[in-house]
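Accompanying notes for the structure given below.
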């Protein structure tokens, strides 16, 4: 006799129960045995025998609702313990349980949120083979793939559902069109719209709004207005989300007057909301039209459209951009008096402005005030403070804050590491700076071009040009290809070290690899030659570059003043 046992951890079960599922293979029966380790009375045992011959009988759902397995399954899913939930689901379906489509849909969404595509597909396989999937389940699967920018698998799911007799609905198409448009593939999004119409599926306001937003970015406001006309011709009434997308597009293209005119022409039952006014206000202030901005705020109050957190944040940001920090702080106080809770976007321009003015202590005080008011700083706020500390030579203080970031629940990003690497290197702690590069890689935070450029610049500045060139080679083999800026940094380091032959060699390699030198590249080379003692040769090269328009007349005049020679040219 062979016995198969399925053990579950005691802490996963209510009241310390232990559940054992034993299969008596020789008798083709199951024995369900439950014990309660906390009971003061005798152990109560219940045995349920089920036939498991070739025509497996499905257990009735109401029997399973009373079982610990189903309770654990539902409890795990509710708690977000999706791997555990899938384990219980596997155990149940092998015993004839018909999976619940709602639970499976939630489970697939959970796996997609954690980017566990394999398990999400495993759930759908179970649902298709042992249960009855519905449109909601297939839409969840398609949506999960689209959010991960995996369009081809999403298309395969589309074909898969068609094969099972399910035809995509407007929700399915909206998911696909939205995903394509968000990836900049408006052309494919419009083709998907054609497919939607061929399937006799009526588009909705959401469908057109998605396409309008994408068209504004890809084809401009005039093309988007054509979609609005088409939408109206189909009898669809746009909502303010649609109209705000168009207002935002007009403002983005600098058509402020057209945006105001458009708002004045809105139907009576669709009036501008606070979002509309925020779009207009941001545009006016970005163009320095403070008087018009003030008039707009007054109009908001006059029609009973109360400014929200975003409105105040726009005003505060504009004040800070113009250096009016006192006005920005007064506005923050007014905001608090009105019972509005500022968020990180409200505080960030204030913290940044204080740091730019060298008022680091005030910036830190503001961050403390932020925390005391229940607004936890985000990584952007911390990056601003850390950058200011690094520039002020307070690398040790910055390092203390950096080391405590994880405790605050705010994980550092690549910008944080770039800031700290530069700060530590400038303070002379090269070992720690390089160590941070290893640390970020270990934490799967990919270095970017700024990381490499920053380190290469630090190495060149300290005369470690050979090490900088090695890092350049590493960069060439990574997914972050060097730019002309990277090569210019290395050329500057070589020229400062008077290694002109090596600089010419790097320039030659740069061109061979398809990187186009810019004017700065050539000026660096001319200056390197000149400062190495070959002034005549430097100006001769400068003249040749001027003739073929690789440097400007202004740059040539500046070089002539740097290396004045009467016998040249």
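The count begins at 1 with the first shown residue.
Backbone N, Cα and C atoms are what each Cβ position is placed from, and that goes for glycine too.
Because TrEMBL annotations are produced automatically, they should be read as predictions rather than curated entries.
Note that the coordinates shown come from a computational prediction; the quantities given were computed from them, not determined experimentally.
According to TrEMBL, the repeat 'PPR' annotation covers 134-168 (among others). Long-range Cβ contacts of the repeat 'PPR' (134-168) within its own chain (Cβ-Cβ under 8 Å, at least 6 residues beyond either end) map to 101-102, 104-105, 108-109, 111-112, 115, 117, 120-121, 124, 127-128, 175-176, 178-180, 183, 199, 201.
Here the repeat 'PPR' (169-203) is broken down by DSSP into helix, strand and coil counts: 26 helix, 0 strand, 9 coil. The repeat 'PPR' annotation in TrEMBL covers 169-203 (among others).
Per TrEMBL, the feature repeat 'PPR' maps to 204-238 (among others). Long-range contacts of the repeat 'PPR' (204-238) within the same chain: residues 170, 173-174, 177-178, 181-182, 184, 186, 189-190, 193, 196, 245-246, 248-250, 252-253, 255, 270, each at least 6 residues beyond the stretch ends and with a Cβ under 8 Å from a Cβ of the stretch.
Averaged across the repeat 'PPR' (239-269), pLDDT for the predicted model comes to 92. Summarising the annotation, TrEMBL assigns repeat 'PPR' to 239-269 (among others).
Per TrEMBL, the feature repeat 'PPR' maps to 273-307 (among others). Remote same-chain residues near the repeat 'PPR' (273-307) are listed as 240, 243-244, 247-248, 251, 254, 256, 259-260, 263, 314-315, 318 (criterion: CB distance under 8 Å, separation of at least six residues from the stretch ends).
Remote same-chain partners of the repeat 'PPR' (308-342), defined as residues 6 or more beyond its termini with a Cβ less than 8 Å from a stretch Cβ, comprise 274-275, 277-278, 281-282, 285-286, 290, 293, 297, 300, 349-350, 352-354, 357, 370, 373-375. Under the heading repeat 'PPR', TrEMBL lists 308-342 (among others).
Per TrEMBL, the feature repeat 'PPR' maps to 343-377 (among others). DSSP states for the repeat 'PPR' (343-377), grouped as helix (H, G, I), strand (E, B) and coil, give 26 helix, 0 strand, 9 coil.
Sequence annotations record features per position, and here TrEMBL assigns repeat 'PPR' to 378-412 (among others).
The repeat 'PPR' annotation in TrEMBL covers 413-447 (among others). In terms of DSSP helix, strand and coil, the repeat 'PPR' (413-447) has 26 helix, 0 strand, 9 coil.
If you look up TrEMBL, you'll see 448-482 (among others) marked as repeat 'PPR'.
The repeat 'PPR' feature in TrEMBL is assigned to 483-517 (among others). Outside the repeat 'PPR' (483-517) by six or more residues, the chain places 449, 452-453, 456-457, 459-461, 463, 465, 468-469, 472, 475-476, 524-525, 527-529, 531-532, 534 with a CB less than 8 A from a CB of the stretch.
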State the residues, same chain only, that lie 6 or more residues beyond the ends of the repeat 'PPR' (343-377) and have a CB under 8 A from a CB inside it; answer 'none' if no residue qualifies.
309-310, 312-313, 316-317, 320-321, 323, 325, 328-329, 332, 335-336, 384-385, 387-389, 392, 394, 408-410
What is the three-state DSSP composition of the repeat 'PPR' (239-269), stated as helix, strand and coil residue counts?
22 helix, 0 strand, 9 coil
Beyond the flanks of the repeat 'PPR' (413-447) by at least 6 residues, Cβ under 8 Å:
379, 382-383, 386-387, 389-391, 393, 395-396, 398-399, 402, 405, 454-455, 458, 462, 478-480
Please indicate, using numbers and ranges, the residues of the same chain that are 6 or more beyond the repeat 'PPR' (239-269) and have a C-beta under 8 Å from a C-beta there.
205, 208-209, 212-213, 216, 220-221, 224-225, 228, 231, 275-276, 279-280, 282-284, 287
Summarise the repeat 'PPR' (273-307) as counts of helix, strand and coil residues per DSSP.
26 helix, 0 strand, 9 coil
